[in-house]
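Lifted from Swiss-Prot, the feature list:
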BINDING   Pro32, Val33, Gly34, Phe35, Ala36, Gln38, Ser39, Cys53, Pro54, Thr55, Arg59, Ser60, Arg85, Phe86  FAD binding site
BINDING   Phe152, Tyr153, Arg154, Gly155  NAD(+) binding site
Amino acid sequence: MSAQIDPRTFRSVLGQFCTGITVITTVHDDVPVGFACQSFAALSLEPPLVLFCPTKVSRSWQAIEASGRFCVNVLTEKQKDVSARFGSKEPDKFAGIDWRPSELGSPIIEGSLAYIDCTVASVHDGGDHFVVFGAVESLSEVPAVKPRPLLFYRGDYTGIEPEKTTPAHWRDDLEAFLITTTQDTWL
């Protein structure tokens, strides 16, 4: 049997892994509901599936489970306020937030980098969380202008910033920066 893991140490160590920030939304009983979520991932291309992991005591999860549908909103680096609001205990998280309904009726938050509209495919036990598989029903196009994603690392927001030694025309084009090869490239 392994030694007892200290929860703060566990959280701190896992904080070394940088994640994107999403807001998972639905509408239940005609009320928009959502929460900030870092535990989101692609699961399968065929069939198209994603997953996220809400806490078992989440009221937002209860609304998503009851509605049977949800929309994943991928946040941009300019949406820290949106992330903070949906990560709070604020009772009306949608106050002052512009959104429109997805094809399934879940909120798409204006200004998000991308959205993925899903139905709940299955729910699995994950300790103090559930692991929710979502069947992708529709999704946004890739934006022509590519804003940078909002990231979370070591308990704080962060972003993608190319090294200053990267040529200026590549620093201004995130996609070029991410696919540029140098003598140190592993590929």
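Positions of Cβ are set from backbone N, Cα and C atoms, glycine also.
Location within the structure of each feature annotated in Swiss-Prot.
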residue: Pro32; record: FAD binding site; Cβ within 10 Å: 19
residue: Gly34; record: FAD binding site; Cβ within 10 Å: 27
residue: Ala36; record: FAD binding site; Cβ within 10 Å: 21
residue: Ser39; record: FAD binding site; Cβ within 10 Å: 16
residue: Arg59; record: FAD binding site; Cβ within 10 Å: 13
residue: Arg85; record: FAD binding site; Cβ within 10 Å: 19
residue: Phe152; record: NAD(+) binding site; Cβ within 10 Å: 19
residue: Tyr153; record: NAD(+) binding site; Cβ within 10 Å: 13
residue: Arg154; record: NAD(+) binding site; Cβ within 10 Å: 10
residue: Gly155; record: NAD(+) binding site; Cβ within 10 Å: 8
Using C-alpha atoms only, work out the spacing between Arg59 (FAD binding site) and Tyr153 (NAD(+) binding site) and round it to an integer in Å. 26
Enumerate same-chain residues with a sequence separation of six or more from Pro54 (FAD binding site) and a Cβ-Cβ distance below 8 A; give 'none' if the list is empty. Ile24, Phe35, Cys37, Ser60, Trp61, Ile64, His129, Phe130, Val132
Have a look at the binding-site residues Gly34, Ser39, Arg85 and say which one has the shortest Cα distance to Phe152 (NAD(+) binding site). Ser39
Between the C-alpha atoms of Arg154 (NAD(+) binding site) and Ser39 (FAD binding site), the distance in angstrom, to the nearest integer, is 15
In three-state terms from DSSP, label Ser39 (FAD binding site) for me. coil
Secondary-structure category, per DSSP, in which Arg154 (NAD(+) binding site) falls: coil
Just the number: how many Å between the Cα atoms of Pro32 (FAD binding site) and Gly155 (NAD(+) binding site)? 27
Take the mean position of the Cβ atoms of Phe152, Tyr153, Arg154, Gly155, the recorded NAD(+) site. Which other residues of that chain put their Cβ within 8 Å of it? Gly15, Cys18, Asp156, Tyr157, Thr158
Compute the C-alpha separation of Gly34 (FAD binding site) from Gly155 (NAD(+) binding site), stating it in Å without decimals. 21
